[in-house]
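Residues or ranges marked as transmembrane segment in TrEMBL: 16-43, 64-84, 163-181, 219-238, 244-274, 281-303, 323-345.
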Amino acid sequence: MKDGETRSFRFEDGTFLVVVLIVTLLFGWLISSYFGAILWGLVAAILFEPATQRLAERMGGRKGLAAALVLLMILALIVMPALLLGSSLVQEAATLYDRIRSGQIDIPGMLSQLRNALPSGIRRFIDRQGLSDFESVRRMLGSGVASGLQDIASRALVVGQGALSFLAALGVMLYLTFFLLKDGRRYGNMVRTALPLRSDTRDRLIDHFVVVVRATMKGTVVVAVVQGLLGGVIFWLLGIEGALLWGTLMGFLSLLPAVGTGIIWVPVAIYLLVTGAYVKGAIMIFCGVFIIGLVDNLLRPILVGRDTRMPDFVVLIATLSGLELFGLTGFIVGPVIAALFIAVWNMAIEQRAAATVGDTAE
């Protein structure tokens, strides 16, 4: 009788786990359309939770008021500037394209000037390859710029037409952020209790997840903002067209370790040098190497910390893969998944080593 009861209990327990899994998957499917908003809300809560706790302590434990004040700070310092930057970026990209199409920015002349500054052997090679037809090159570049700007315009149109959906997603993000800032620790403890893992393994994984999210945001976003801002200011001071556009692109490309911002400023520096603007070219190289480049080398280790550092090739592959699969949110999802992958395998190695030592001792 007892055996039958045990078998019945085990069967029912397994069935319940299946039900839990199915319901969880259904809930995940239900909220999948707001995946980006939920992710950003979770990230914002993880990032600003320590500040909320300190503010709540100073306000006599009023967590709701502290969370509301932090949320207002996020709106004022992050959300609104990001929306204004996006609007200005679309306008500048459209203006730049109009100037190229109308001939105010003479691409064939710039290319001809660049060709004339090259050694004769390279010029002959360019002529043999048929690359000296700068009008064709201009049309090709114009077509490429047009398609890129059409993509930007179409995305802006989608945002405009789907303003209600965008506002709904923004509202979900802010709403979730508020409640996670207010009661995040309680929800975190519920997740810890529900996870079917040993307590030490569970705690290490969750703690590592939180550390990696904070480190990724601080080490990536802060560096991107600083490098993009510096790049835009330098381009503006040197009189280069579209400084806001190039600075923003440098900020996004700084997500890629090692090569990032150089994709923008190195070709510009080369063009300035070969066209006779030696002072501007030298200034661009100096600023690119010793100002923009050093920001990454100086700030990232401080913000990320040595314990969460990953090899650059892992960060590069994870970031590119994340952006490909998840869009803009991929620059967080990719490195976090990679960091958890490394952490899980390190824990498995440690457990295997401990088991081996135990067997040897016996």
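Cβ from N, Cα, C; glycine included.
Cβ atoms under 8 Å from those of the transmembrane segment (219-238) belong to residues 244, 246-252, 254-255, 260-261, 264-265, 268, 272, 280, 283-284, 287, 291-292, 295-296, 299-300, 303-304, 331-332, 335 of the same chain, restricted to positions at least 6 beyond its ends. A contact between the transmembrane segment (16-43) and the transmembrane segment (163-181) is present, since 3 or more of their C-beta pairs, 6 or more residues apart, lie under 8 Å.
Sequence-remote contacts of a segment are chain residues at least 6 beyond its ends whose Cβ falls under 8 Å from one of its Cβ atoms, and for the transmembrane segment (64-84) they are 44, 48, 51-53, 55-56, 170, 174, 177-179, 181-182. Cβ atoms under 8 Å from those of the transmembrane segment (244-274) belong to residues 85, 88-89, 92-93, 96, 110, 114, 117-118, 220, 223-225, 227-229, 231-235, 238, 280-282, 284-285, 287-288, 292-293, 296, 312, 315-316, 319-320, 323, 331 of the same chain, restricted to positions at least 6 beyond its ends.
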